[in-house]
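The next block holds one structure in the form of structure tokens; read it before the comments.
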Amino acid sequence: ILSLALQEPNFDWELKPGRPHQFDWKSSCETWSIAFSPDGSWFAWSQGHCIVKLIPWLLEEQFIPKGFEAKNRSSKNETKGQGSPKEKMLDCGQIVWGVAFSPWPSPPSKKLWAHNHPQVPDVFRLVLAMGLNDGQIKIWEVQTGLLLLNLSGHQDVVRDLSFTPSGSLILVSTSRDKTLRIWYLNKHSKQIQVLLGHLQWVYCCSISPDCSMLCSVAEEKSVFLWSMRSYTLIRKLEGHQSSVVSCESSPNSALLVTASYDTNVIMWDPYTSERMRSLHHTQVDPAMDDSNVHISSLRSVCFSPEGLYLATVADDRLLRIWALELKTPIAFAPVTNGLCCCTFFPHGGVIATEIRDGHIQFWTAPRVLSSLKHLCRKALQSFLTTYQVLALPIPKKMKETVFLEPFGMRY
């Protein structure tokens, strides 16, 4: 079974803010936050004016969520069945910098919200966390739109948020106060740890899918790796030449990618600190010349759901798609305004990008049929570290082929 070649992403839908943005620093900062829920049923969009819009994501092709401007499609197709989820407007009262959905709670934690809020039915709940300009974190229940919790502790803007994928309702937050904070959203909803070490604003964090490791990046060149068991610093990764602005773990926890203002994405083995590959962003259109902007400064990087591809956005107004084993992009998509962030739909086939005028653009990309070798590698790497692979009593060639080969060469 061979992987299918990825074609050029096609522009499909667009979401526009309900009110035009005023281009001051406050409103522009509000357009940096989008997220799909882990099951793909909801889309959250910080659309400005302290408002986050929650949109039910209807997977059937004939349905288009309200607010979409669909290319070559009639708005008459917009249909909602009786009892289907409804859009929600969540007014946070503060500029929203980061949003993150929880995974679906595991059975031991399903009564959490009923204990705190007896008026809410005792069911499995999906929640949305929002990081605000004043250092507060608000936790909302998605299905009802109820505000459940206010978390206080940060002394400055909360820039990014990440829940543990295990469903334990542990939340990590990053802030301009140069700290990361760990919150346990049980019935007491308390802060359980403050991680110190960064010397500048902390931009982004990512928890590995196996919940063993936390990565954080800041307005500095080093990448920090923390233990999610002891909440201590494991190591720093050195290799970038400027501030690191984005990071993400691969779906099988075997890789870490970081994006920097130095125009490079670096792929790391987080267990050995080995630098596996660098992806350099070069200027595609020489005619683009703006002395006020580093044309290829990166803003965001994310993995595709199956872990075979990366998407990046940069200040040259291009969405790029990369195959892990290649050094050059395999696809480009031009955008009319500066890009802030990107994320894949959890089941593949769609990439969402947010641009500086507050619009959200959705790009269709073919779903990928993974090779049998990739599926084997993904399964094995989900519970074996690089060190454990190297210690296996199997031929070296098999180790390289099955476990360590996706990059062709290692740096």
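Placed from the backbone N, Cα and C atoms, the Cβ positions cover glycine too.
If you look up TrEMBL, you'll see 371-408 marked as domain 'SOCS box'.
Residues or ranges marked as repeat 'WD' by TrEMBL: 151-193 (among others). Sequence-distant contacts of the repeat 'WD' (151-193) (same chain, at least 6 residues past either end, Cβ-Cβ under 8 Å): 38, 97-106, 109, 112, 115-116, 127, 129-133, 135-139, 199-207, 209, 211, 214, 216, 218, 226, 228, 231.
Sequence annotations record features per position, and here TrEMBL assigns repeat 'WD' to 195-236 (among others). Secondary structure of the repeat 'WD' (195-236), assigned with DSSP and counted as helix (H, G, I), strand (E, B) and coil, comes to 0 helix, 22 strand, 20 coil.
The repeat 'WD' annotation in TrEMBL covers 237-278 (among others).
Mapped onto DSSP classes, the repeat 'WD' (291-325) shows 0 helix, 18 strand, 17 coil. The repeat 'WD' annotation in TrEMBL covers 291-325 (among others).
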